[in-house]
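Annotated features, as they stand in TrEMBL:
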TRANSMEM  12-36  transmembrane segment
DOMAIN    18-187  domain 'Cytochrome b561'
TRANSMEM  56-74  transmembrane segment
TRANSMEM  86-105  transmembrane segment
TRANSMEM  117-133  transmembrane segment
Amino acid sequence: MESRAGPRPGGLSYCVAFSQLLGLTVVAVTGAWLGLYRGGIAWESDLQFNVHPLCMVIGLVFLQADALLVYRVFRNEAKRTTKILHGLLHGCAFVMALVGLVAVFDHHRKRGYPDLYSLHSWCGLLAFVLYVVQRGPLLAVPSSGWWASASSCSPELRSPCGPATAPCTSSSAPPSSCCPWAQPCWA
C-alpha cells in the first residue's frame, strides 16, 4: 500500500484523543441531564421533546466532528476506506439530526404549539438545510461519490495542470513534481 502522506504530527494523537474524550463527555452529560433532570426520553409521551437535544448533540456535534476528522486521523489508509467511513459518519449524523428534527416538530404538532417561533428554531433549521445542501450534490454526481474508482479518473482530472504536463500523469512521478496542488486519483 502506498502512503498518501508523511507521518502524523507529534501532537495529533493527543488532540484526537482529547477531542474524542470531550465529545463523549458532552454526549454523556446531555444524556445525564435528560435522564436525571428532564425525566428521560420517550417517543410517545411528553418526553418526546427530549429526543431533540440528544439526537442533535450526537449527530451534529459528535458524529459530524468525527466525520471531519477521518481524513486527518486515517491519512495513511486507503482513500476508498476513508471515503466510505467519512460518508457513513456523515450519513449517521444526518439520520440523527433528522430524527431530532422530526421529534421536535412532532412534539409541537401533538401539543398544538406553533413551529419555528424562535431564533433558535430558525437558525437550527437553516443549519440543517445548509448541511443537506452541502452534501446533496456530492451524492448526485457519480464521479464524486465514494463509489468512484480510479479507472474513472482521466489524466486531466488527476492534474489541474492539464494533459500537457506528462510528469503529473505518469505513474512513476508524484503529482507534486509538476504542480504542488495536483492530487492523484486513488481507488
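Note: Cβ is positioned from N, Cα and C throughout, glycine not excepted.
The model shown is predicted, which means the values in this text are computed figures rather than measured ones.
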Original post:
Short question: which residues 6 or more past the ends of the transmembrane segment (117-133) have a Cβ under 8 Å from it?
Top reply: 56, 60, 64, 94, 97, 101, 104
Subject >> Segment confidence, the domain 'Cytochrome b561' (18-187), expressed as mean pLDDT >> reply: 81
